[in-house]
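> Structure provided below as structure tokens; questions to follow.
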Number of protein chains: 2
Amino acid sequence: MRKKIFSWLVASPPRTLAIGFAFIIGLGSFLLHLPVASSSGEETRYIDALFTATSATCVTGLVVVDTGDHYSVFGQIVILTMIQIGGLGFMSMATLFAIFLKRRISLKERLILQEALNQSSIEGIVRLVRRVVLYALTIEAAGALLLTIRFLTNMSPGRAIYYGVFHAVSFFNNAGFDLMGGFSSLTGYADDPWVNLVSMALIVVGGLGFVVLSDLTDLRGGRRLSLHSKVVLTMSGSLILFGAIVVFAFEYANPGTMGPLNTGTKILTAFMQSVSPRTAGVNTLNLTDLRQATQFFIIILMFIGASPGSTGGGIKTTTFAALLGAVWAIIRGREDVVMFRYRLAQERVYKALTLTLLALALVLTATMILSTTEDHHFLMILFEVVSAFGTVGLSLGLTSDLTLFGKIVIMLMMFAGRLGPLTLGYALVPKRDKVLYREAEGKIIIG
Amino acid sequence: MRKKIFSWLVASPPRTLAIGFAFIIGLGSFLLHLPVASSSGEETRYIDALFTATSATCVTGLVVVDTGDHYSVFGQIVILTMIQIGGLGFMSMATLFAIFLKRRISLKERLILQEALNQSSIEGIVRLVRRVVLYALTIEAAGALLLTIRFLTNMSPGRAIYYGVFHAVSFFNNAGFDLMGGFSSLTGYADDPWVNLVSMALIVVGGLGFVVLSDLTDLRGGRRLSLHSKVVLTMSGSLILFGAIVVFAFEYANPGTMGPLNTGTKILTAFMQSVSPRTAGVNTLNLTDLRQATQFFIIILMFIGASPGSTGGGIKTTTFAALLGAVWAIIRGREDVVMFRYRLAQERVYKALTLTLLALALVLTATMILSTTEDHHFLMILFEVVSAFGTVGLSLGLTSDLTLFGKIVIMLMMFAGRLGPLTLGYALVPKRDKVLYREAEGKIIIG
Ligand SMILES: [K+]
Ligand SMILES: [K+]
């Protein structure tokens with residue numbers, strides 16, 4: 001019987017992942033809805049507990065009630081646990097998928113592999129998951145230590161440690177939950193380089209994906225970076241820099257945001273507002289006061305998101321890179337997408353295109369539907385939907401204003417956004433009918 | 001000397017086209033700015049005359065002053081002439097490009113062809129242009145006759161003929177200009193099946209492109225439809241039907257638009273509001289009263305636009321079809337995009353992707369910039385920009401409210417939208433380094 005359940009679970013990893021997430025959300029929402037989970041000692045409405053649990057497990061960070069104000073320490077620890085399980089679970093599974101996909105060449109080989117999975121591979125999986133957990137905990141511990149040192153200057157030691165741990169875990173998992181109260185996120189720390197740099201480092205590292213982290217660690221052993229890692233690092237770096245420049249340019253003179261800040265803080269906030277939408281979801285500027293142009297630009301960053309197999313969401317940097325690669329190839333008059341001297345298979349580019357168009361269709365459809373049920377401006381609704389789909393957690397204030405229907409749609413978007421791109425990336429592997437040799441082919445993970 | 005000018009002009013057809021359009025716009029703006037062109041007998045501000053001339057020549061239909069109210073009959077005839085030259089000129093040139101592209105295989109062949117163009121091909125061009133003009137004038141005449149018959153019921157004969165001719169030319173060329181006054185477009189005729197059906201027929205036929213019209217005419221001779229024509233007809237039909245259903249669903253109960261109408265008129269307006277955004281630019285419902293969801297949906301239709309080598313704009317139906325084809329291929333687990341049993345070359349799909357992303361980047365950048373200079377909501381500005389880029393001419397009312405800077409940006413968008421996709425489609429032809437035989441390859445025109 002146990003063997004039967006196990007083979008049913010490994011038969012379709014995306015299904016297993018979806019069931020696992022649903023189970024954690026169910027359990028978490030039950031705990032969060034208890035009176036002991038709220039700071040007032042009153043029961044939390046179930047729909048709000050469910051929303052929080054979904055948001056935490058999908059590491060999104062959209063909140064209908066403020067995490068710091070509304071929940072008790074017990075409630076906050078439940079949330080933190082869900083973030084940790086959601087983030088690590090997803091990261092491990094995504095990494096497994098990537099490895100599984102790498103091997104997945106023919107149907108025959110796949111069948112052999114699946115059989116094999118029942119016997120010898122379990123220890124391989126255990127080893128991999130252990131490594132993912134080790135990496136994550138190490139980085140989180142370092143982040144927690146650095147944040148605690150800073151918080152000790154304005155908090156009691158116990159509180160400083162608690163805040164250090166909570167925010168390090170939240171940021172590394174790109175969860176975007178915080179304890180600052182009043183839906184303020186990190187706006188109170190806008191001019192604090194220490195908090196900002198540590199937070200950004202946690203967010204960026206968490207968003208690179210385990211494969212890249214593993215590659216980077218192996219660099220000391222003289223191994224070279226894989227194509228995938230090169231693409232992820234280049235795209236992430238470029239997006240952060242480009243994003244910061246755009247935010248800086250649009251907000252420089254805005255009296256509601258950067259206007260009153262000194263140049264150093266302007267630069268710091270520009271980088272934070274560029275890093276965080278992909279897809280951490282903390283903010284140091286008041287988002288509602290941003291210019292519409294900046295708000296829309298942030299929507300684009302949220303849509304692109306982080307890298308495959310990371311704690312972040314979105315269509316992923318590599319997907320975006322494949323699209324840009326096609327544009328560049330056509331402009332240069334080349335037939336193939338070439339990155340770092342490797343040709344990308346047509347199938348990868350088509351897949352990137354497919355993922356992007358399906359994501360776009362989902363996001364736009366949800367936005368159009370919500371714009372008939374929620375009495376707000378289109379941009380505000382689009383922002384919220386993309387934030388949910390990209391598991392970002394930034395909001396222009398719609399979350400706490402959502403109708404019941406709106407909450408359900410946003411919850412579904414968080415769930416779809418967390419599992420969708422990965423599942424699509426996993427499911428949409430075309431059968432190869434022929435192998436044609438041109439340049440040596442390089443692989444990057446899409447989705 | 002004459003020969004030198006001629007070879008300079010044929011050396012780069014896109015440049016020739018751009019110069020030609022700029023020349024017509026310059027001449028038209030001069031005429032429109034004269035006192036004789038306005039109904040009040042006063043001089044029109046040059047920027048407004050220039051805006052109108054750009055809009056007419058690019059067959060867009062965005063207007064800063066109402067065509068019926070502001071301009072005299074002389075002014076209106078100038079506008080009509082620009083529409084006719086702009087529409088036919090573009091249609092002929094685009095058809096020439098398509099034929100030119102079909103033959104454009106190697107650099108060597110291209111050089112031979114270019115040399116050839118100086119001698120024997122001129123008569124070929126003349127013959128083709130003559131055929132384009134013949135088709136257009138025949139269809140316009142039929143449309144004008146049908147519209148005049150209807151207008152005779154509520155106008156004097158002279159006025160009915162004038163209105164019949166003006167609107168037939170405007171609609172066939174997807175120009176969207178009208179003489180109804182008060183920026184009302186065809187809202188006064190929302191429940192008139194005759195006017196609506198004739199207008200829609202003119203718009204749709206004008207938007208199919210000359211190659212398809214020519215193919216359809218040849219059907220009687222027993223020739224079969226080309227792949228291009230099949231794709232264009234299928235996509236156009238699907239988009240019109242799908243668009244009508246979506247508009248109908250969103251607006252059915254909206255008291256500001258369809259609410260008070262009977263079911264027949266509801267269906268008629270749904271079809272008109274689905275046909276017109278791609279890319280005629282007339283409307284029978286009040287656009288500002290549409291739900292935000294419908295307004296956004298119309299933005300998508302405007303972005304897709306009409307078919308290659310037609311009087312319409314946008315990224316084109318075939319471009320959109322290539323993208324959908326890639327999605328479908330990946331979902332089905334196929335390596336190649338197959339349409340009507342023909343495989344689309346990877347290069348065509350990459351090109352479709354490139355065109356779409358560049359158009360998207362241009363439109364979104366312009367919108368973000370305008371949202372810092374124009375004091376209006378993002379959706380309204382996005383609507384205006386896409387309308388300009390797609391040479392559609394629908395507006396949520398921003399046009400007459402534009403700042404000087406805004407007018408200049410919108411004019412540039414009209415110009416870029418008219419020439420950009422074609423020029424890109426022409427310029428972005430990758431060199432083939434190898435020919436690989438798989439399925440027989442079918443060609444469709446992108447851009
Ligand atoms: K997040
Ligand atoms: K138009």
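Glycine is no exception: its Cβ is also placed from the backbone N, Cα and C atoms.
The transmembrane segment annotation in TrEMBL covers B:16-34, B:46-65, B:77-101, B:132-152, B:194-219, B:231-250, B:352-371, B:377-396, B:408-429.
Set these features in their place in the structure for me.
Within its own chain, the transmembrane segment (B:46-65) has Cβ neighbours under 8 Å at 21, 24-26, 28-30, 32-33, 37, 71, 79, 82-83, 85-87, 90, 170, 173-177, 183, 280-282, 311, 313, 384, 387-388, 391-395, 399-400, 402, 404, 407, 410-411, 414-415, 417-418, counting only residues six or more beyond its boundaries.
Within the chain carrying the transmembrane segment (B:194-219), a Cβ under 8 angstroms from the stretch's Cβ atoms is held by residues 87, 91-92, 94-95, 98, 131-132, 135, 139-140, 143, 146-147, 150, 167-168, 171-174, 186, 225-226, 228-229, 232-233, 236, 240, 268, 271-272, 275-276, 278-280, 282, 284, 306-312, 445, all 6 or more beyond its ends.
Outside the transmembrane segment (B:352-371) by six or more residues, the chain places 303, 315-316, 318-320, 322-323, 326, 378, 381-382, 384-386, 389, 406, 409, 413, 416, 420-421, 424-425, 428, 446-447 with a CB less than 8 A from a CB of the stretch.
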> Could you tell me what the rest of the chain brings near the transmembrane segment (B:231-250), counting residues at least six beyond its ends with Cβ under 8 Å?
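For the transmembrane segment (B:231-250), the list is 204, 207-209, 212, 225, 258, 266-267, 269-271, 273-275, 277-278, 290-291, 293-294, 297-298, 301, 304, 306-308, 317-318, 320-321, 339-340, 444.
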> Do any residues of this chain, six or more beyond the ends of the transmembrane segment (B:377-396), have a C-beta under 8 angstroms from a C-beta of it, and if so which?
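Contacts with the transmembrane segment (B:377-396): 55, 58-63, 174-177, 276-283, 287-288, 292, 295-296, 298-299, 302-303, 305, 312-314, 359, 362-363, 366-367, 370-371, 409-411, 413-414, 416-418, 420.
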